[in-house]
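Enquirer: Just passing along the structure, written as structure tokens.
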Amino acid sequence: MKKDEILLISSMAINGIIFGSSQLVNPLYLNELGLNSAQIGFLITGQMLIGSFLSLVYASLGDAYGRKKLAIINRGISIFGYFLLFLRFPFGLLIISVMSGGGLISALMAEKSQNLEKNYSLSYSLNTFLSIFGAMLPLFIRLRLVILFNLFILLTSTILISFVKEEYKGSGRVDFRLKSIKNVLKFSIESFVGLGAGLILPIISLWFYLKFGMTASQMSPIFAISNGVLAVSTLFSPKISQYFGKVKSIVYTHIIGIVLLILLPFSKNFYQASIIFIVRNSFMNMTGPIFSSFVMKLIPSEERARAQSLINFLDSIPRSVGPSIGGYFFYLGYLNLPFFITSVLYSIATAGFYILFKDIK
């Protein structure tokens, strides 16, 4: 494995600490700052909408002038957002858009990788393993200090990217057109996944709090175990792909995840809900590396950042609306309804994905 591959995988991996803590900490920290469920949902929606639009801007500029420099700018803005959030300004969350640079990093990874699927699997797995540590942070430090810790993790990730030697020089002009638009639009079926996931996942810790009265420190081990199980299962995704094929692997694991999602709101207690939550998370997300490499192989190299970002955009716009809807349902006392809506949306997306891509190997 070459130096640049190691740097990119490491940069992607340590962001797992941020992912592992944010899903648990952000909603509860905003609640600690005095926001109610509906306000928290709307603020997270704003963050995701801004990130979605920025992803297209970053990707277009990255394809034109180089992906590395835009990835660094993206992370620099997000670092400032974490600083504002640490100072107790809730609106700092709106400019934390680490995920909006995902298309840039995916394009860099595709450029540098000798074995793209293996590198994706490794980075996803390491990312998820480190998210265990992120999820455990509330056991040891206050929520506000978790925010500060994430700031320094993001700074480290940015430094690692700065050492990557990018060979792609850019087209020299900003171009929103895509020769691969037909393939990209097929992936718009993922918008149903985005809306469904947005309804509950960004505020799932709030659901555990409202339904079972659990605190961040009580939830922390469950989120950590969930990420650990996912990390292990992700390592097996290339083997699953070889056995079933990419498309069937994604479809089969998603079907199991959907069934478990339907069962989750019927849990009688926190421990039963935790077991279902852990297993569902693994099945629904373990084929992430397969999906990412599948996308990259269908897209020409000079369009990868824009194409990946447009796919993320098509997913993120409905996903960003979800927390507002889910948070409002929680505010009204309908704690189970978002799960059933999400199950229907996931089912539509899974069926559509199979129909559109079943003939592609």
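Glycine too: its Cβ is placed from the backbone N, Cα and C atoms.
Here the structure is a predicted model, which means the values were calculated and not measured.
Here's the feature list from TrEMBL:
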TRANSMEM  7-25  transmembrane segment
TRANSMEM  37-58  transmembrane segment
TRANSMEM  93-110  transmembrane segment
TRANSMEM  122-141  transmembrane segment
DOMAIN    143-361  domain 'Major facilitator superfamily (MFS) profile'
TRANSMEM  147-164  transmembrane segment
TRANSMEM  184-210  transmembrane segment
TRANSMEM  216-237  transmembrane segment
TRANSMEM  249-267  transmembrane segment
TRANSMEM  273-298  transmembrane segment
TRANSMEM  337-357  transmembrane segment
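A description of the local structural setting of each listed feature is requested, covering burial, neighbours and distances.
Expert: Residues 26-27, 30-31, 70-71, 73-74, 90-91, 93-97, 99-104, 176, 198, 202-203, 206, 210, 305-306, 309-310, 312-313, 316-317, 319-328, 330-331 of the same chain sit 6 or more residues outside the transmembrane segment (37-58) yet have a Cβ under 8 Å from a Cβ within it.
Long-range contacts of the transmembrane segment (122-141) within its own chain (CB-CB distance under 8 A, at least 6 residues past either end) are made by residues 8-10, 12-25, 109, 149-150, 216-217, 219-221, 223-228, 230-232, 234-235, 237, 288-289, 292.
Within the chain, the transmembrane segment (147-164) has long-range Cβ neighbours (under 8 A, six or more residues past its boundaries) at 4, 7-8, 10-11, 14-15, 17-18, 21-22, 25, 29, 68, 71-72, 75-76, 78-79, 82-83, 85-86, 98, 105, 108, 112, 134, 137, 141.
Packing against the transmembrane segment (184-210) from elsewhere in the chain are residues 23-28, 31, 37, 40-41, 44-45, 48, 178, 216, 219, 223, 270, 273, 277, 295, 299, 307, 310-311, 314-323, 325-327, 329-330, 335, 338-339, 341-346, 348-349, 352-353, 356-357: each is 6 or more residues past its ends and has a CB under 8 Å from a CB in it.
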Enquirer: For the transmembrane segment (337-357), what are the same-chain contacts with Cβ under 8 Å, counting residues 6+ beyond its ends?
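Expert: Distant contacts of the transmembrane segment (337-357): 186, 189-193, 195-197, 199-200, 247-248, 250-251, 254-255, 257-258, 261-262, 264-265, 284, 294, 325-326, 329-330.
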Enquirer: Apart from its near flanks, which chain residues at least 6 from the ends of the transmembrane segment (249-267) lie with a Cβ under 8 angstroms of it?
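Expert: Tertiary neighbours of the transmembrane segment (249-267) are 237, 240-241, 243, 273, 276-277, 279-281, 283-287, 290-291, 294, 335-336, 339-340, 342-343, 346-347, 350, 353-354.
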